[in-house]
Amino acid sequence: MSEAKQIYHVPVLLNESVDGMNIQPGGIYVDATFGGGGHSKEILSRLDSTAHLYSFDQDEDAEKNIVSDSRFTFVRSNFRYLPNFLRYYGVEGVDAILADLGVSSHHFDDSERGFSFRFEGKLDMRMNKRAGMTAADVVNTYDEERLANIFYLYGELKNSRKLASAIVKARGVKQIVTIGDFLEVIKPLFGREREKKELAKVFQALRIEVNQEMEALKEMLYAATKALKPGGRLVVITYHSLEDRMVKNIMKTGNIEGKAEQDFFGNVQTPFKLVNNKVIVAGNEEVTRNPRSRSAKLRIAEKR
């Protein structure tokens, strides 16, 4: 795999996650979040000539990192459509699925993408640049209650209603188009000592809404449950409590709500058994080298 001219994304918990896939040389594997290709490259290094890796990413920029390898197929699509493409390629079952749910460093550091409050640019935040709705569309068209719900649910912000009210009032004077426009509206609502943390939560909430991240994750997790062979591994790296809760629930109970199904006799039916009872986190050395790994949590489960 050729190195990108600039570092697209430093893979987090690389060895821990790929080890967790329990790779067999001739297996069929899925990297649901290709990004800079770091995890895919490591997976390919452990496969023989009969194996195959299907890697998904909806961002056209990720295509610049793909590898020319007969054992590799790149699918430019959101991982929520995983079953459609596995069916298309005639794949009846896979041996492991890996998903690193973190936003690539590339996205945060590219001012044109609008993911970070550190740079001026358009308020965009689309992972898929061909998708219709931008963050600017959300803040300019959603009603006050809907905005408040987004900030409360996806950003866990206590002042979500004040935020929504300020946005609606400001857009009545002029449209909020750029990150600068947006910061001008919301910055006064936060104390200086917690400003960066609160702004990060606001931007997280908008990003989740724009990209429908929770809905996509839900669909992918249920699809993975069906796609994995018995003994197959589901390996997921999460970065915030909302997605981690969903992943934990699906692995423990087979249901994102955390309610395990029971058979006629009341016996609990769960599709997975946990490989690691406690989450795996980045060590001090990795956190020092890559601070964005600090919030990463790795969970691994095996299909019964």
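Residue positions begin at 1 at the first shown residue.
Quick reminder: no glycine exception, Cβ is built from N, Cα and C everywhere.
Listed in Swiss-Prot for this protein:
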type	residues	note
BINDING	Gly37, Gly38, His39, Asp57, Phe79, Asp100, His107	S-adenosyl-L-methionine binding site
Other CB atoms within 10 A, centred on His39 (S-adenosyl-L-methionine binding site): 28
Nonlocal neighbours by CB distance (under 8 Å) for Asp57 (S-adenosyl-L-methionine binding site), same chain, sequence gap 6 or more: Thr33, Phe34, Gly35, Glu63, Phe74, Val75, Arg76, Ser77
Structural state of Gly38 (S-adenosyl-L-methionine binding site), classified by DSSP into three states: helix
Cβ-Cβ neighbours of Gly38 (S-adenosyl-L-methionine binding site) (radius 10 Å): 21
Assigned conformation of Asp100 (S-adenosyl-L-methionine binding site) - DSSP reduced to three states: strand
